[in-house]
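Marked as domain 'G-protein coupled receptors family 1 profile' by TrEMBL: 49-298. The transmembrane segment annotation in TrEMBL covers 20-46, 102-128, 148-172, 207-234, 246-269, 281-300.
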Amino acid sequence: MPCEGCMERDNMSTGATMEFLLLGFSELLCLRVLLFLVFLVVHLVTLAGNMMVFMAVVMEPSRPPMLFFLCQLSAIELCYTLAIVPKALLSLIVVDGSTISFIGCAAQMHLFVALGGAECFLLVAMSYDRYVAICQPLHYMAVMSQGFCLRLAVVCCLGAFAVALGLTVAVFRLPFCQSRRINHFFCDVPAVLHLACTQSYTPELPLLAACVLLLLLPLLLILTSYVCIAVALVHVTSSVGRGKAFSTCVSHLAITLLHYGCATFIYVRPKSFYSPARDKVVSLVYTNITPLLYTLIYSLRNKEIRGILRKMLRRKKIAQLN
């Protein structure tokens, strides 16, 4: 049954001309300029860091599987920040909020979910790489071949984009209330679902299914990999060998905790727990700070990345001298 105050969605032209109003941070009048400058600097540093990691790995002729996955992760983070952060920065300088078209809102949601999901699947691939490296070291090069890694990367992206497309279509087929005011700085799923003119929990089912496919199942696979790694490390007699093996997993564990911690807090909960102000703050950290932390973790914890960056700097100095 259609609800009172809902938009009529039977006419296809309605969706084409319909617009949403992103309220952004309209309540933070005093801190707006400071937040804009801080997050602009963070955004530029994140872009530069991810581009540096991406170019460093691409220019390396012989790269192990983990570097290949890091390269893909950096590319995902670049697209992820470019899809979300510019609109967030715009919301900090526009007083009355910024408008976004129906198609633009759907596209932004699809990109956000797809890129975040691809990162979840990629973290599974990276955990499998660590499992093979530690538990089956003699078969590592045979199992983690270049072709297999490329197929894994393609499956991660295509699977995430398919799940995101299904979720986006399900969300934007709902009837929306006439206000069309999204209390967020981008078209996040809970914020758009909050506009749906329905009292049932049915609209949340696609989000629940997406959370199972993009969050729960990948997390279970990652935990399974690390349980197998922990069992294997128990049988390692040398403390040096155990420490060296564990150190190769620290970066991946840190990224996994950051990614799944924030995503679980935002998406794995019922609609009644939705809080616009809290969600905006967490999403601001999730879309701005964590990509920067990922880059720092790559460059500081990964010996191969540090070695490649040092070689790049040496080449640049030699070129300047010549």
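All residue numbers here begin at 1 and follow the chain in the order shown.
Any Cβ shown, glycine's included, is placed from N, Cα and C.
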For the transmembrane segment (207-234) against the transmembrane segment (281-300), do we get 3 or more Cβ-Cβ pairs below 8 Å once near-sequence pairs (under 6 apart) are dropped?
no
Check the transmembrane segment (20-46) against each of 102-128, 148-172, 246-269, 281-300 and return whichever range has the most CB pairs under 8 Å.
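That would be 281-300.
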Against the transmembrane segment (148-172), which of these stretches has the most C-beta pairs under 8 Å: 102-128, 246-269, 281-300?
102-128
Looking only at the domain 'G-protein coupled receptors family 1 profile' (49-298), what is the model's average confidence as pLDDT?
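Within the domain 'G-protein coupled receptors family 1 profile' (49-298), the model's average pLDDT equals 84.
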